[in-house]
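Asker: One structure follows; several queries about it will come next.
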Amino acid sequence: MSPQTETKASVGFKAGVKEYKLTYYTPEYQTKDTDILAAFRVTPQPGVPPEEAGAAVAAESSTGTWTTVWTDGLTSLDRYKGRCYRIERVVGEKDQYIAYVAYPLDLFEEGSVTNMFTSIVGNVFGFKALRALRLEDLRIPPAYVKTFQGPPHGIQVERDKLNKYGRPLLGCTIKPKLGLSAKNYGRAVYECLRGGLDFTKDDENVNSQPFMRWRDRFLFCAEAIYKAQTETGEIKGHYLNATAGTCEEMIKRAVFARELGVPIVMHDYLTGGFTANTSLAHYCRDNGLLLHIHRAMHAVIDRQKNHGIHFRVLAKALRMSGGDHIHSGTVVGKLEGERDITLGFVDLLRDDFVEQDRSRGIYFTQDWVSLPGVLPVASGGIHVWHMPALTEIFGDDSVLQFGGGTLGHPWGNAPGAVANRLALEACVQARNEGRDLAQEGNEIIREACKWSPELAAACQVWKEIVFNFAAVDVLDK
């Protein structure tokens, strides 16, 4: 036996594989105020006990690996390891469990959503011992929240910038989303803003294509904004999509938007990435730009109930990374979104403090301390008949965004904007008078039609358009 071998043997290191639950399943653990807490929906492979599955998640998303390593002795695993501290069976689902995991704060870089997600939703999602794994919720402790800038400005600052209070903001995505020249695109922006909308928007896949380069679009949209502001006396905006192939190009586009004096830019935060998004959010705060966030790609991640990441987690991550608006679904439109679930993460976007409420899918109490709030954006398959429900569901601190529901008006873009603005003001007035929007919504819209031929025409076009499909992602019974 060589001297080296004798030395290793004398250390007493015992190589091999041991069950994760021996180290990482700790039901006696008392969580700390500084821990990041996670709720995972775990579906183990046949024959894998839930305790072992939960412990494997804790291990593989923190300090563990598939075998014992001698370098474990060079650090304090008890200080740094994740711990599965509770497991609940999911009622009504076969072989599904909610595993609660606590992570010490020292595992994560300050102010980095990228680093947090790399650990918590990293390689563990491909672990063979699990048939499926979904991150349902995270509790971000105040100590970690305070390391983030968050939204560039927040809800109150945005209202002050726009000088608009007491109602939801009104927007429109320019359609067709691809193919228009920059000049025709700017014309549509002008017509919608002149008709009464607060914002118009680039679609998420409008970047800088051969038919419309970004600089041309920015120039024509800025001209449209200033012309509409002059004619209406209201502050207007267009979400100029700064998303690009590199962070440097993205910031270059944001700089040009600032030089034009426009109020807001836009980013696709999931396809663009959290590092790029946080960089843009910091630039926007430093330079007085509002930041609209689109969630393109989210349904690839969040739609399936047993695997992926729930949107409430992606919403929390966005509030930390930074954005003043984010698309949140509509409940009543063409996109996925159950009412209770949607209102749960809408509160997580807007409110300073949100209590645990499993009836809305909120697994943990969340204290955002002083982090500014984010306006939810209801967009996707909505029209004037939806206005009472949208106003009742989302309240004043929201953006209601009608793309086809504006540009599909039979008389053109400006009349479509007029119809939406009048429908919104009728609903806000009725609500302020004490009327029940949920029960009297259709009647309120019909009454308003008497004063607006534009609204009457819109109501006639979309009177039979509904999207009656059951939601895929629903609350557990």
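The first residue you see is number 1, and the count goes up from there.
The backbone N, Cα and C atoms fix where each Cβ goes, and this holds for glycine too.
Grabbed the feature section from Swiss-Prot, which reads as follows:
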MOD_RES   P3  N-acetylproline
MOD_RES   K14  N6,N6,N6-trimethyllysine
ACT_SITE  K175  active site, proton acceptor
BINDING   K201, D203, E204  Mg(2+) binding site
ACT_SITE  H294  active site, proton acceptor
SITE      K334  site 'Transition state stabilizer'
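Each of the listed features needs to be described in terms of its position in the shown structure.
Answerer: K175 (active site, proton acceptor) is surrounded by 16 other CB atoms, counting those within 10 A of its CB over all protein chains shown.
Residue environment of K201 (Mg(2+) binding site) contains 30 other Cβ atoms, counted within 10 Å of its Cβ in all protein chains.
Reduced to three states, the DSSP call for H294 (active site, proton acceptor) is strand.
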Asker: Near the Cβ of D203 (Mg(2+) binding site), how many other Cβ atoms are there if near means within 10 Å?
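Answerer: Taking all protein chains shown, D203 (Mg(2+) binding site) has 18 Cβ neighbours within 10 Å.
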Asker: What are the non-local neighbours of H294 (active site, proton acceptor), defined as same-chain residues 6+ apart in sequence with CB under 8 A from its CB?
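Answerer: In sequence order, the residues whose Cβ lies under 8 Å from that of H294 (active site, proton acceptor) (at least 6 apart) are E204, N241, M266, H267, D268, Y269, I326, H327.
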Asker: Other than K201, D203, E204 themselves, what residues in this chain have Cβ atoms within 8 Å of the centroid of the Mg(2+) site's Cβ atoms?
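Answerer: Apart from the listed residues, the neighbours are T173, I174, K177, D202, N205, V206, Y239, N241, M266, H294.
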Asker: Across all the protein chains here, work out how many other Cβ atoms are within 10 Å of the Cβ of E204 (Mg(2+) binding site).
Answerer: 22
Asker: Give me the Cα-Cα distance between K175 (active site, proton acceptor) and D203 (Mg(2+) binding site), rounded to a whole Å.
Answerer: 8
